[in-house]
Amino acid sequence: MATVGILTSGGDCPGLNAVIRGAVLKGETVYGQRFVGFLDGWRGLIEGEVMPLDRSSVRGLSHEGGTILGTSRVGPYTDPHGGAENIAKVLDTLQVDAVIAIGGEGTASAAKRLYADGINIVGVPKTIDNDLDATDYTFGFDTAVEIATEAIDRLRTTGNSHKRCMVLEVMGRHAGWIALYSGIAGGAHAILIPEQPESLDQICAWVTSVKDRGRSPMVVVAEGFRLPDMDSAHSTKGLDGFNRPRLGGVAEVLAPLLEERTGIETRATVLGHIQRGGSPTGFDRVLATRLGMAVTDLVAEKGWGHMVALRGTDIVRVGFDEALANHKTVPVDQYQEIRVIFG
Ligand code: F6P
């Protein structure tokens, strides 16, 4: 009977607990697998720190935000005690036969390397940014869009009262999916995403035309958006554990520029981690549960080096290589489709 260790790594995401529940319930019921959870992502695997996971410990979990296992941005190769050799020893000591890594791009890259180094590992894709090419949607994204849409609705009422331009910044490092979807849902007058450059003149023209017809402009900007004179995305908070710049604050750069150029009083709101917190939507709970269940099939079939993914309405499996080949960014025609009604 196989013992499987589950870990959640990288930024958390509504739906992680539903994945864990789906995996434990199906793994136990259908395959007789046993589970433990590694605490705080790769750190728990490197240090051999685990919690028991069984049917009773995942009871009622699918609606709970966050992750009962904890997470971190520690990489399995960056920690001095990490590396495949040490990890293999930890797995041996704990008598764990396989690892399920639930995470985004950084986690999948690390898992790919561990697989190449001989570790029995499979994956479940996760990111609110929805930027993993292997899967049509990642759980957490729908929840983030709901939260951002509600923020837009709320900003619009206060913006209307004061006749201000409101700028909302949402997450989206490489891809503007959250900005695009919430911006469309909330009826934003301009949506700015990392994939598509827009000049300050153009953004000001949209804002002014909204104001000229007596409305209060609503601009949604993804954290990874760059104005043409910016060499890289706005970052003033150093690097994260995967050596990526911590983004955030481009709305605060943009708002004073818009106010100065258009003469319209402008306020910026950075939505931040509110987008990642709280209970997942029904859609995300279903997707996360299905992925969690499906990853136990991968373990049962020893499909190491693969992750489960959503294609259309089917859960499929893809190799880490394929999953990591490209970011799933917003296609230009999908942006242009909505851009024609900006302003
Ligand atoms: O990668 C997902 C993400 O939500 C990004 O959009 C954002 O830049 C990052 O995580 C923030 O991470 P942290 O929780 O480390 O601040």
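Just so you know, glycine gets a Cβ as well, placed from its N, Cα and C.
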One of Gly5, Gly11, Gly172 listed by TrEMBL as binding ATP at the site of Arg73, Val74, Gly104, Glu105, Gly106, Thr107: Gly11
Additional site residue, Glu64, Glu223, Glu322, Glu337 [criterion: listed by TrEMBL with Thr127, Ile128, Asp129, Arg164, Met171, Gly172, Arg173, Arg267, His273, Ile274, Gln275, Arg276 for substrate]: Glu223
Annotated binding-site residues Gly11, Val74, Glu105, Thr127, Asp129, Arg267, filtered by Cβ under 6 Å to ligand 1: Gly11, Thr127, Asp129
Cβ-based isolation winner (fewest other Cβ atoms within 10 Å) among the binding-site residues Val74, Met171, Ile274: Ile274
Protein Cβ atoms within 10 Å of Gly11 (ATP binding site), excluding its own: 22
Three-state secondary structure, which DSSP defines for Arg73 (ATP binding site): coil
Spatial separation of Arg173 (substrate binding site) from Val74 (ATP binding site) - C-alpha basis, Å: 19
List of residues, in chain order, with Cβ under 8 A from that of Arg73 (ATP binding site) and at least 6 apart: Ser9, Gly10, Gly11, Gly41, Gly106, Asp240, Gly241, Phe242
